[in-house]
Amino acid sequence: MDGLLKEEDGIAAHFRYDPIKHTYVTFGTSFPDLVSQTTRVCLYELDADTFKPSNVIDRDAFDQQEHSPMTTSASSTLEQPKFFLNLPGVVLIHDFILTENYVVFTWVKAALDPFRTMKALLGFGAISGTMAIPEDSETVLLLIPRSMMAGSDLRPIDFTDDGNICIDALADDRITRIELPFSFNFHFGNGYETRASNGDRQLIFDMMRTSEDKDFDFAIHSSNNSNKPVWETLQPEDVPVGDMTRHIVNLDMKQLQEDPIVLCEQSPEFPAVPRHVSSRPHRYTYTLATNKKTPSHLSKPMWGAHSAITKIDATTPGKYETWSFDSDEFVGEPTMVRKQGADPDKEDACYVMTTVSKVSTGTTDIAIMDVEGEGALERGPVCRLRLPEFLPYSALHGAFHEGVVYDFD
């Protein structure tokens, strides 16, 4: 990243691709400052080939030209100011949405539990288990204009003494804030901007809702006081059954246009879309899901480990295809691979790749599924390739990069 990321900086597991600008956008968060009680979120936009900043804001030029910032190419020797958002208290942001004009987060107010925090600091608990959601918390959609990240519409007060840019995300008038029905989520599907039939601007995005309950346990039972490992104490009723919902926001009215639309209730998670439709209108989303063979005695019909892949059709809520692996096989996050020479009008002309770990044999395969056309996914993998090592927990957060070949000789 051309020195932009320092040793002490964090960076998220999720990058979003802009196929028009050919850039990646991502972020990093810092642990809450104990004095100011704020969390900083740093935004990055990088050239997709070089992973260098896509543009550089010249602070000196900003000061000299009546506070009208000048941007230069990424090859400039000028040091890139970092773009920070300040949010109050503890912030758990894991993923975000990218559209043509906005970087979008959901913010849920959280607080640290003192006893759990002490346990975590002493090594007897997870950091995620120290957080709780107060009763007065709400879910707020934050829309940060990407133009600000590129140097437009900045003000002298935005610059800190060390030359970076810092914006108050809950008070700044350039950031749009929209209240949503309360929910918590780790992941988003895709998001994009469009126009309604009456000409109003819309933001449409898909969310993997983990919970609508403010008592949600961030650490999924690892914060229990029994001193036993989570796999010995976890019960089905402890794990929320998630869903995938579509949200339609009226950008002109700055409000949710209608109630969230449930697209899939098979506990979908780790969503993926082909790179060419990232941040653009799309029809299909591919996710992990619970196995359709989930035992009927469980109190939650859609509860279970992820051992299936779904292809969710956003045009028809509740319509999705599923391929379920064996009951002792668990799958990793799906990775999308566009077919060579694919018809540009065929969004689903792709393969889905995933890891499949089979517990009974202690083996892991790479499974490849052709998802082009209705019913294709439900025919199962076109091939399975055995890996030389067993992955006890299937892979998370991978990406296919065309043209990268390794010589293992």
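These residue numbers are counts, starting from 1, taken along the chain as shown.
In case you wondered, yes, glycine gets a Cβ from its N, Cα and C as well.
Just so you know, TrEMBL annotations are computer predictions that nobody has curated.
Database features (TrEMBL):
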type	residues	note
BINDING	H14, H94, H187, H397	Fe cation binding site
Fewest-neighbour residue among binding-site residues, criterion Cβ within 10 Å, set H14, H94: H94
Shell list (Fe cation; ref centroid = CB of H14, H94, H187, H397; cutoff 8 A): A12, A13, D95, F186, F270
Same chain, 6+ residues apart, C-beta under 8 Å of the C-beta of H187 (Fe cation binding site), given in sequence order: H14, H94, D95, M207, M208, E269, F270, P271
Proximal but sequence-remote residues of the same chain as H397 (Fe cation binding site) (Cβ under 8 Å, at least 6 apart): A13, H14, E333
